[in-house]
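The next block holds one structure in the form of structure tokens; read it before the comments.
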Amino acid sequence: TDLPRSPPAAAEPRHASPAAPRRLREKLRTAARMAGPPARTAPGSRQQVQGGESRAQPASGAPPARETRAPFRFDYERFRRSLRHPVRGGRPGEDPETRARRMKIKEMMKFAWDNYKQYALGKNELRPLTKNGHIGNMFGGLRGATVIDALDTLYIMELEEEFQEAKEWVEKSFDLNVNGEASLFEVNIRYIGGLLATYYLTGEEVFKSKALELGEKLLPAFNTPTGIPRGVINLGRQGSRPHERFLRGMSWSWGWASAGSSILAEFGTLHLEFLHLSQLSGNPVFAEKASNPQPGLQGIGLFVMNIRRVLNRVEKPQGLYPNFLSPVTGSWVQHHVSIGGLGDSFYEYLIKSWLMSDKKDSEAKKMYDDALEAIEKHLVKKSAGGLTYIAEWRGGILDHKMGHLACFSGGMIALGAEHATEERRQRHMELAAEITSTCHESYARSDTKLGPEAFRFDAGSEAMATRLSERYYILRPEVVESYMYLWRLTHEPKYRHWGWEVVKALEKHCRVEAGFSGIRDVYTTTPTHDNMQQSFFLAETLKYLYLLFCEDDVLSLEDWVFNTEAHPLPINHTDFKA
């Protein structure tokens, strides 16, 4: 979601200062250096790795330590041997129609990429009507969001030449030495997720080293009294000006977030990526569990395992998780609950953390089961016309609407149901199918056969937008994401049929001369375009559509989980330390 940028309030302290714990910063630099090219050191000194820390020692003088640990090396070849299916599958005996449809989606991806490359390469997104690039304000000076988001999709679709173009841009032009305000959430899911996925798919070291270097830049956001990260981080290059040195590594909350709060879907959507950063670096700091944070340092282990500790400690109203939490007190700021925007991927990452751990992370599974039980009890409703939906909850009062973002939940619930007890499995598969059918209705009831940003169940209207501000479609993936999961778990032909309807609607209403564009009103057959080819269209929408028409062994769910930007991360079948 393109969230508005908000400068820090003048009266609000910026907790993550340049004086973040030095030992922590040294450990992280060491991890990034071990994964990437050798780092330059100051004249007359050398770097030793000992116990995961970086210690500068003079070139002469004190003798070296008696015991040093060998640098950690992730065993990529062993990892690839652990996969149960070829990454791109075998595709035995598929029918010609399915192949033709998959090839059409591949052509759409090539068209989207080629136009981005021609008119906007290095910018974050393509403006297809004006044939130029868009930078935006979410990524703190980082560029090439579409490149990073597209890498794994290009690879999976076997667009080899285009993949090499993207890889070359990362090698030669992807600069992490930037200074600006970035969304912790968006940088994590798009950049970290995309780089990690592409490393696991290809074994190319450049993607791993860039992911680890960028991951280090995100860590000051966790430097709060509770360890709950703030939403905005200054990525902080080594500037020479005083204000650049002062801003480096600082974080703050979104200006629109209640009372300086952090957002559930943002701090709850880090776990998958940060565990992989720890696995690839051999450095547990990304996932370290906090123990008694000290005043001043505010805790060395401020990261994703600590987030769960805070959430398990705080009381949940009716068992539900509100969307706003104070990073200072660890208490809820207001009781607004949504499975759509502001809440969505927190729930997704609970069940996927359990799956990614090869079903060993029982804490994540329990949190997911308990949350879903509360959602079923308090938020799942059925309309007069028989459509099942998930309402929003505002301090005990229901708002009978669903956002397009909430339509991922059909796929999530189906994925969780596949691994539930028999009684729960049947109930949850039915719920997943009903929610996905409702989201399909939001598409089927529009003139363009594309769904609105939000749809309501009140005033005699069902599964339709009733407000002008909710009638747009920005190439979002959540509905086809659920089609893909439901297809893989049930093989009911309707999900492929529904997916093909989306392909035809995209071609008819969103394809323009130089790419794909969102539209401003799904209820008119002559819509106005918004002049934006979102990076997630290449990362998610086209990838999920492509996988819908692939055999199940392409990015098999036995080997991979998808982050919330559809970047595949491997299930941890074993320990891959070399």
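Glycine residues also receive a Cβ, built from the backbone N, Cα and C atoms like all the rest.
Please treat TrEMBL annotations as automatic predictions, because they have not gone through curation.
Features of the protein shown, as given by TrEMBL:
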- Glu186: active site, proton donor (ACT_SITE)
- Glu453: active site, proton donor (ACT_SITE)
- Thr564: Ca(2+) binding site (BINDING)
- 1-21: compositional bias 'Low complexity' (COMPBIAS)
- 66-75: compositional bias 'Basic and acidic residues' (COMPBIAS)
- Cys407-Cys439: disulfide bond (DISULFID)
- 1-75: region 'Disordered' (REGION)
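Shown here: features listed in TrEMBL, placed on the structure.
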residue : record                    : Cβ contacts under 8 Å, 6 or more apart
Cys407  : disulfide bond            : Ile435, Thr436, Cys439, Ser442, Gly451, Glu478, Val479, Glu481, Ser482
Glu453  : active site, proton donor : Gly403, His404, Ala465, Glu470, Arg471, Tyr472, Tyr473, Ile474, Arg476
Thr564  : Ca(2+) binding site       : Ile189, Gly193, Thr269, Asp344, Ser345, Glu348, Tyr349, Phe408
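Each of the recorded positions Glu186, Cys439 was scored by the number of other CB atoms within 10 A of its CB, and the lowest score belongs to Glu186.
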